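Asker: I am attaching a structure below and will ask some questions about it afterwards.
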Amino acid sequence: MDLNFPIRMERRGLLDSSRSDEDPDMNDDMDEGEDYEAAITATGYGPFQYWLILIGGFANASDAIEILCVSILLPAAECDLHMTSEDKGWLSGIAFIGMMVGGYVWGCLGDIFGRRSVLMVSLVLNGLSGLASSFVQTFPSFLVFRFISGVGVGGSIPLVWAYISEFQPPSKRGAALSIIASFWMVGNVIVAVFALVTIPYDIGFQAPGFVYNSWRVFLTVCALPALITAIVMMWLPESPMFLLTKDRKDEALDVLRKMYSLNTGKQLYTYPIKILSTAGLKVQKETRLTKWGTFTSAILQTWRLTKALFSRSLIFTTSIMIIINFTIQFGYYGLWLWFPELFNRLEQYYNEHPYHNVSVCDLTEYHGNGTQQNTCKDDGHNVDTSALISILITSIAPLPANLWTIVCMDKLGRKFFLVFSMFLSGLAAFGVYLVKSSLDNLILACVFGALCTMGFNALDCLGAELFPTHLRSTALAVTLMAARIGAILGTVTFGYLVDLYCAIPLLLVAAFLIFGGMLGLVLPNTTRIALM
C-alpha cells in the first residue's frame, strides 16, 4: 500500500492552525491536541513497523556490504588494478573519508528537506557508484568511485536512525533500533556469502581492453541491495515527526492514520487522535525557493544546525557523544582491521619455525624471510577460500550479542550496554597476548567483535534519542564524523606502533575503549523517554 497517497476524505475540524504571534518558529504554549508520542502510540504496533524495520534494516545492511566488500576483494583485485601495498591502504581508507564528507552533508540535508527523500538519494548514490566501480579498469578510477560510494554510505547511516526512531513509541524504540543495528551483522554475512559464491569461480567475460571477471561480478551484486532498498522506500512515508517540525500537521496526521489502519485493520476515520500538538517541538515553516535559493539556503541552514548543536543547552551532550564515538571506533577499528595481518604474520612464522611457540606480540620485528613473490596467478583467482570462511564466521559471531540487545535494550537501558560493552572490549584487547594460533586469533576476533557490537547498538539508540527532532540527523552526522576520524586514526596508529612495541597500541586501544565507556555514565537516561 502506498502510504504517501493523500487521504481523500473530508476533514472535519481535524487541523489546528493556531500559531504563536510572538515567535513564528516556535509552537504555541497553548497548542491544543495530543502530543506526538501519544499520537504514535495510538497507531498501535504491527505490520507497518515490522515492514519499516525490515526496510531500514536492509538499508543498514547495504551500507555494511559496501564497506566490507572492498576488504574482501583486495587479494583478487590487486593484480587487475596493479595495486601496491600503499594503494591498498588508500583504498581501505578512502571509504571512511567519503563517509566523513557524506555523513555531514546528508545528515544536515535530512533535517532540512526530510529523512526519507534524502535517505533514498544517498542509497542510490551508494548503489550506482558501487556498480560503476565494478566496470572501471584502472586503479585511480576505482578509487574515485569507492570514495563516492563512501559518501553515499556516510549519508544513509545517520538518516536511517533518525528516520526509524521517529516512527517508534518509547516502549518499543530501543528494541526496534537494536534490530536495525543487528542488520549490520546481516550485511556482513551476506557479503561473505556473495564472496564465496562468486570470487573463487571463473565467471564474467573479457574483451580487448576490458575485463569483467569474478571480483567485478561480486561488486555488481554488492551494489544491488542499496538500489533495491531505495526503490522499496518509494512506498514509505516521510517521518510524521519531521512533518510536524515543518508545520505540516495535515500531512503528519494523514501518515499516522495510514499507520493506524495498517496496524489495526480499522478504517482511517476511526483513528482516535483528531488534533496534533507541536508542544515541545521547534516548528519552522517551509518556504518555496528557486534552485539557487535552495542551494544557498541549505548552506546557511547547515551552518545554523551545526551551530545549534554547540549551544549552551546541548554542548555538553554533543561533546560527550563526539568523544565516545571517537573512542569506540578508534579502539574497534584500530584492532579489528589488524587481525588479518597479525594472523598472517603468525602463520608465516610457524611455516618457517614449526616447532616454536610464540605469541603475536613476540613477532613485532618479524616480517618473514624477506623473499618477495609474485602472487598474481594466470587464472586471476588469487583468493584464499579459508579466509572467506573465517570472515563468514566472524560475521555470524555477534548474533548472541545482537539478540541480547534486542530483548533487553529497553529493560537494562542504553547506558548499561554502552558501559558494559566498552569496558569489557578494552580488557579483551589484551587477549592479543594470548594469541598463539589461527584458532586463537579467530576466537579473539569473534569475542572482541561481539562485545563491541553491544556498544555500537547502544550508541545508535542514544544518538537518535538525545537530540531534538529538528537537529537529530545533523547530530548523528556530526558525531559519526568524529567516529570516522577515530576509525582512520586507530587503524593508522595501530599499524605504526605495533612494530615498535606491541604493548603501546594495545594500551591505547584499551584506554580509549574503557575511557569512552566510563564517559557513558554521565549521559542522560533516554530509555523509554519520549523523543524531543
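Note that Cβ sites are derived from N, Cα and C of the backbone, with glycine treated the same way.
Keep in mind that TrEMBL annotations are predicted by a computer and have not been checked by a curator.
Computed from a predicted structure; not experimentally measured.
In case it's useful when we look at the structure, here is the feature table from TrEMBL:
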type	residues	note
DOMAIN	49-528	domain 'Major facilitator superfamily (MFS) profile'
TRANSMEM	50-77	transmembrane segment
TRANSMEM	89-106	transmembrane segment
TRANSMEM	118-136	transmembrane segment
TRANSMEM	142-164	transmembrane segment
TRANSMEM	176-197	transmembrane segment
TRANSMEM	217-236	transmembrane segment
TRANSMEM	314-339	transmembrane segment
TRANSMEM	387-409	transmembrane segment
TRANSMEM	416-435	transmembrane segment
TRANSMEM	441-462	transmembrane segment
TRANSMEM	474-497	transmembrane segment
TRANSMEM	503-523	transmembrane segment
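Give me the local environment of each listed feature.
Answerer: Across the domain 'Major facilitator superfamily (MFS) profile' (49-528), mean pLDDT in this model comes to 83.
Here the transmembrane segment (50-77) has Cβ contacts under 8 Å with residues 83, 88, 91-92, 95, 119, 123, 126-127, 130, 146, 149, 152-153, 156-157, 160, 163-164, 167, 176, 179-188, 190-192, 194-195, 199, 214-215, 218-219, 222-223, 225-226, 228-229, 232-233, 236, 337, 375, 380-384, 387-388, 391 of the same chain, all six or more residues outside its ends.
Within the same chain, residues 66-67, 70-71, 74, 83, 118-119, 121-122, 142-143, 146-159, 302, 337, 473, 476-478, 480-481, 484-485, 487-488, 491 sit at least 6 positions outside the transmembrane segment (89-106) and bring their C-beta atoms closer than 8 Å to a C-beta of that stretch.
Counting residues 6+ beyond its ends, the transmembrane segment (118-136) has Cβ neighbours under 8 Å at 59, 62-63, 66, 69, 102, 106, 109-110, 142, 145-146, 148-149, 151-156, 159-160, 163, 212, 216-217, 219-220, 222-227, 229-230, 233-234 in the same chain.
Within the same chain, residues 49, 53, 56-58, 60-65, 68-69, 72-73, 160-161, 164-165, 168, 218, 221-222, 225, 385, 388-389, 391-392, 394-396, 398-399, 402-403, 405-406, 409, 453, 456-457, 460-461, 464 sit at least 6 positions outside the transmembrane segment (176-197) and bring their C-beta atoms closer than 8 Å to a C-beta of that stretch.
Same-chain residues lying 6 or more positions outside the transmembrane segment (217-236) and placing a CB less than 8 Å from one of its CB atoms are 1-4, 52, 55, 58-59, 61-63, 65-66, 69, 72-73, 76, 116, 119-120, 123-124, 126-128, 130-131, 133-134, 152, 156, 187, 190-191, 194-195, 198-199, 203-204.
Note on the transmembrane segment (314-339): residues 71, 92, 308, 418, 422, 425-426, 429, 432, 441, 444-445, 448-449, 452, 455-456, 459, 462-463, 466-467, 471, 475, 478-480, 482-487, 489-491, 493-495, 498, 505-506, 508-510, 512-513, 515-516, 519-520, 522-524 of its chain, located 6 or more positions outside it, place their CB under 8 angstroms from a CB of the stretch.
Under 8 Å from some Cβ of the transmembrane segment (416-435) lie the Cβ atoms of residues 324, 327-328, 331-332, 335, 342, 346, 359-361, 405, 408-409, 441, 444, 447-448, 451-459, 462, 502, 506, 509-514, 516-518, 520-521, 523, all in the same chain and six or more residues away from its ends.
Counting only same-chain residues 6+ beyond the ends of the transmembrane segment (503-523), those with a CB under 8 A from a CB of the stretch are 317, 320-321, 323-324, 326-328, 330-332, 334-335, 361, 415, 418-423, 425-427, 429-430, 432-433, 455, 458, 462, 466, 486, 490, 493-494, 497.
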Asker: Which sequence positions outside the transmembrane segment (441-462), separated from its termini by at least 6 residues, show Cβ-Cβ distances below 8 Å to it?
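Answerer: Residues 161, 173-174, 177-178, 180-182, 184-185, 321, 324-325, 328, 331-332, 335-336, 339, 342-343, 346, 360, 390, 393-394, 397-398, 400-402, 404-405, 409, 414-418, 420-422, 424-425, 428-429, 431-432, 434-435, 517, 520, 523, 526 contact the transmembrane segment (441-462) from elsewhere in the chain.
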